[in-house]
Structure formats: structure tokens, C-alpha cells
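Pulled the feature table from Swiss-Prot, pasting it below:
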| type | residues | note |
| --- | --- | --- |
| BINDING | 40-47, 176-182, 201-205, 270-273, 326 | GTP binding site |
| BINDING | 47, 182 | Mg(2+) binding site |
| DOMAIN | 32-354 | domain 'G-alpha' |
| LIPID | 2 | N-myristoyl glycine |
| LIPID | 3 | S-palmitoyl cysteine |
| REGION | 35-48 | region 'G1 motif' |
| REGION | 174-182 | region 'G2 motif' |
| REGION | 197-206 | region 'G3 motif' |
| REGION | 266-273 | region 'G4 motif' |
| REGION | 324-329 | region 'G5 motif' |
């Protein structure tokens, strides 16, 4: 009889070895394919993170991209000024100079004619500049938490001469500061540290959330964005719910969701630059009445972080937290590098390769 293997048995062994090899290769390939889901409430900075990935990993914006963002910059700028003018009516703040009424009418007429994406005429630019330095407008800007105003309002309105120039072309920073509501799902692909990333940005407003569900399969990690600066603001959608309380509720539902028991969760406490300015004058007790700490960045941001981390009900799950400024490319590059290292370690462990 002997111990030689029959041709059939040899073929079966070869097949088995090949399957094992393929499984290992598949495992290594799976470890290289990274699916990231960007979640968070509306205006938490998700789309800005996507733009940063384009800058950091895809060579930035083309001149064609720059051109396409021009009307967005014009619209964001004039719409921000209009939001302030309308809020002055609601908050009963008069113009410092009555002559600004006619300037305000000119700006409102541009919106009414739906010409907000056009370059500013000389006349319009002069009116906007006069309005921007008006004491009433500046007073209303200081109360921006009482109405809905783009974070980038001051950034753009402080630079009207540059934006109004005939040869104006958006800079990288201008593009990062633009705001367009995300509807549907935006997908970005890039490679980094020998990994293939697919990043999905889904709309944060309540009406957009039902579109998330089919993105949930095979997610390697979730990046959950929170705007730290929104602790004293209410939602666009209902004007009564505190934005940070809404974020906490949403984080709770994501963090403890059955879909995500095996998924790494990375928390970006974003807009730290705005938070640092705001915390000096607007108390954290607006959102957290039980807070007794100082109105200082370190203590207040640590408290916010602790509130989010406390939502995690699983002792086996670690939340990886970073304080970020999504408009700062160096900061996001540094943070994303750290995030990738965590993903690599967790992923290899999950594939039994670490």
C-alpha cells in the first residue's frame, strides 16, 4: 500500500493550500481596503475634511475647481451679510448710520433677483463695505449664536476688496471656508500608507440621515465630527434644539449601534479655533447647566470630550478623540496620520495579521 498520496489526494492538498493562500491574500487585501464613514450633525465640518483629503492626498484643487468655487464664494459672502441684516430686524438692532438702509436694500435686491452667485458690481461692493463696518452690523455679528450664520461670514466679509477684485480667483483657504449643504453622499478615493481609502461624506441635516443606512456595511472606521463651537447654538432644522445636545444624541445612537460593534470610532471635536474664541465670552452652561469649571479652553474642551466619551456603553470599544480645526491643513494632516496608524493596527488585528 505504501504512504504515497494518490493523484486525487495531491490535487486536493494543492487546492487546499491555494485556498489558504488566497484567504491570507484576501485578508491582507481586506486590511488594505479602508472604508471610512464621515458622520455628524449638519455643519460640523465633514465636507471640509473631504476637501482636506483632496488637498493632502490628491494634489489639491485644479484651476477648473477654483473657477467652479467662485460663485459659491460670492453667494456665501452676500448671503452671510443678508443673514446679519435680517437678524438685525429680529433682534431690534438699528444701523449705526441710517444711510445704511439704502445699502441694505441694494444687497437684499440682489438676493431677490437671485444674482448672489455673480461677481460684485462696484456699486454693490461699495455698499457691502459700508454695511460691514457699520456699528449695528458689527453688534449683530457679535450675537451670531442667536440666529443662523455661516462660520465663514467674518472670514469672507473681512476681505471684500480681494473678493471684489476683477481678477479674483478663490484660494485654497477660500475653498475650505465655502459652505454648500451636502445632499446625498459624496465619495472620495485616495491612497495613503499603502492603504486604499474610500471616504464617504453623508449629509448631516436630519432629512439626510435616512440615506446613511446603506453605507454601513464593511465600514472600517467612523469619523464622527462635532462642532465644539456650537454649544450655544440651535439647529437650522427646528430652531429650538441645542446643536451640541443633538450631536450627543446622534453620537450615542452611532456609538452603540449594533452595526458598529466591531467598528473603530474616531471623534473629531472640530472648530477648536472658533471654540477657543467663543468660550471666553459665552458660557458652556448654556448647553451643560451642571458645568462648574472655568470658561477656559482646556477645561471646557475636556468637559465636552468627557460628555461624548460617556455615551460609549461598551467597555471593549475605545473612542479615539482628536481636537481639530478642519480649515487648518497641517492640523488635519497630522491628525489623519495618527488616525491611519490606529486603523492599520486595528485592521491587522482584525485580520489576525497583527
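Residue numbers in this text run from 1 along the chain shown.
Backbone N, Cα and C define each Cβ position, glycine as well.
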Residues of the same chain, at least six outside the region 'G4 motif' (266-273), with any C-beta under 8 angstroms of its C-beta?
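Long-range Cβ neighbours of the region 'G4 motif' (266-273): 40, 44-45, 49, 151, 221-230, 251, 297, 301, 304-305, 308-309, 319-328, 335, 339, 342.
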So what pLDDT does the region 'G1 motif' (35-48) average out to?
91
Using a 10 Å cut-off on CB atoms, tell me which of the binding-site residues 176, 180, 202, 326 is the least crowded.
180
Do you know offhand how many angstrom separate residue 47 (Mg(2+) binding site) and residue 180 (GTP binding site) by C-alpha?
9
Give me the CA-CA distance between residue 176 (GTP binding site) and residue 182 (Mg(2+) binding site), in Å, as a whole number.
14
Rank the binding-site residues 44, 182, 270 by the number of other Cβ atoms within 10 Å of each Cβ, and give the residue at the low end.
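If we count Cβ atoms within 10 Å for the binding-site residues 44, 182, 270, the smallest count is at 182.
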Tally every other Cβ atom lying within 10 Å of the Cβ atom of residue 40 (GTP binding site).
25
For residue 182 (Mg(2+) binding site) and residue 326 (GTP binding site), what Cα-Cα distance in Å is obtained after rounding to a whole number?
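One finds 16 Å between the Cα atoms of these residues.
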